[in-house]
Amino acid sequence: MQEQKLQENDFSTLQTFKRLWPMIKPFKAGLIVSGVALVFNALADSGLIYLLKPLLDDGFGKANHSFLKMMAFVVVGMIILRGITNFISNYCLAWVSGKVVMTMRRRLFKHLMFMPVSFFDQNSTGRLLSRITYDSQMIASSSSGSLITIVREGAYIISLFAVMFYTSWELTIVLFIIGPIIAVLIRLVSKIFRRLSKNLQDSMGELTSATEQMLKGHKVVLSFGGQHVEEVHFNHVSNDMRRKSMKMVTANSISDPVVQVIASLALATVLYLATTPLIAEDNLSAGSFTVVFSSMLAMMRPLKSLTAVNAQFQSGMAACQTLFAILDLEPEKDDGAYKAEPAKGELEFKNVSFAYQGKDELALNNISFSVPAGKTVALVGRSGSGKSTIANLVTRFYDIEQGEILLDGVNIQDYRLSNLRENCAVVSQQVHLFNDTIANNIAYAAQDKYSREEIIAAAKAAYALEFIEKLPQVFDTVIGENGTSLSGGQRQRLAIARALLRNSPVLILDEATSALDTESERAIQSALEELKKDRTVVVIAHRLSTIENADEILVIDHGEIRERGNHKTLLEQNGAYKQLHSMQFTG
């Protein structure tokens, strides 16, 4: 069985960006427009600096007032150009990043929906929520914010180099010596940022998981006075995240001054060389020197920005790696092509053995039984004996590696997954309802397939109509997340109505009434009997009174069938079933 834990591959920044590029490519028009705007923005900035030479040498140096008046309009025009191009570049890149993040989230969401149950057994909900929300948003930093900075500041530095080289190539050569040193420094810092960013994202997942755990289990926390335990746990993970965040800040804060010091050394060198006779006598005017010196001063800002954006870009790339690690995992195997519309419902287990991932002990050991179409088999036994595992295998929530499970004589692995699950309806102890209307919950995933009359008929058969009609908007009432506004019995009846509407030939009742009180159980027992009619039923029961009429009862213990027969014959055997029966009915 394939391991489904998240393991991030150590790809380089370039390799990761190459994988991200297919998501960016459909929106490359926005990148091109933004790139052109950023180039013009950089030219406007460097052009303003270059204007210092004619202003000083020709305007003020020669007292040319008409020239100075003309230059005033030129400066205003360049500043307007700078503002327009800045807006265009920011808007286009924000549009691109929004599209990329949306695409990634949609791919991730769709991929997660097709992952096997074993994947969710091994990865916490909080961590996965963090991946979809926090990590996917981090991609915006690498596809928008950081790209704006990289392109704009990169173009600005190149244009400043061009201005300096055109004005005085001798002084500009100094920067060609210092440049590679800064590049090497940025490369070294990139690796540090990448590692720290991965650690920070892991901490965010743990923080989300801790929060989600407390919110979902809030009643348990209150009941057992676990506030201190949860507070200590949350304080630990939040402090761990704070420490990792401070490491990022420290690395960023150290890298900036180092780059600034190296750049200032280049500036001081230029200032010193300008005083030497070789350059001073080479027609270096006040305007030319001012342009070179101002260009070098102006270059400090983009150099600092490029160093700072490196941390942002590496965070985005680390987030991409994490998300690609999920997308690289294989979804549920769905190699079958057989379709039964509908199946007759004959179910058979042949020598089935199964173990959960990461466990050596078998959950099921050589299980064999058959259920003729339209008959009911009940599974009873202690908690952890393997009853629910059998139910999960019928719907292929887990795949077996030994034995066969047949539906109408066909191996369930030969069925198309969608068709297999269309032929099986599950009503479990843990009912999940969606934050939607009553009608949409009953007709979940098939709202267009069923009419309102069919939905009402299913609700009536499930004995749910009596409470639905009392709701403010009746079937159009939104019931809140997981049906929080409903009682346990009401939620269970909606689950039964959902199964009735689906009308599948195979029905699995996984302790469907064990969480209810006796009165609620009695209220829905008639609904369950209606649901069982003309169906092959697998019942997992805690209360033996609910399965006395089953055609066959299997007593499961430690993953094996210990006893089998109907209620009467099992009582006569005076074995494990008789012992369970005596415990429930005689105390």
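Cβ coordinates are placed from backbone N, Cα and C, and glycine is handled just like the others.
Taken straight from Swiss-Prot:
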- Gly381, Arg382, Ser383, Gly384, Ser385, Gly386, Lys387, Ser388: ATP binding site (BINDING)
- 32-315: domain 'ABC transmembrane type-1' (DOMAIN)
- 347-583: domain 'ABC transporter' (DOMAIN)
- 31-51: transmembrane segment (TRANSMEM)
- 68-88: transmembrane segment (TRANSMEM)
- 145-165: transmembrane segment (TRANSMEM)
- 166-186: transmembrane segment (TRANSMEM)
- 259-279: transmembrane segment (TRANSMEM)
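Counting only residues at least six positions away in the same chain, the Cβ atoms of Asp557 sit under 8 Å from the Cβ of Arg382 (ATP binding site). Same-chain residues that are not part of Gly381, Arg382, Ser383, Gly384, Ser385, Gly386, Lys387, Ser388 yet have a Cβ within 8 Å of the Cβ center of the ATP site turn out to be Ile556, Asp557.
The binding-site residues examined here are Gly381, Gly384, Gly386; by Cβ neighbour count within 10 Å, the least packed of them is Gly384. For the transmembrane segment (31-51), same-chain residues at least 6 beyond its ends with a Cβ under 8 Å from one of its own Cβ atoms are 24, 71, 74-75, 78-79, 81-82, 85-86, 88-89, 92-93, 96, 147-148, 151-152, 155-156, 158-160, 162-163, 167, 291, 294-295, 298. Fewest Cβ neighbours within 10 Å among the binding-site residues Ser383, Ser385: this applies to Ser383. For the binding-site residues Lys387, Ser388, the largest tally of other C-beta atoms within 10 A is found at Lys387. In the three-state DSSP scheme, Lys387 (ATP binding site) is classed as helix. Reduced to three states, the DSSP call for Gly381 (ATP binding site) is coil.
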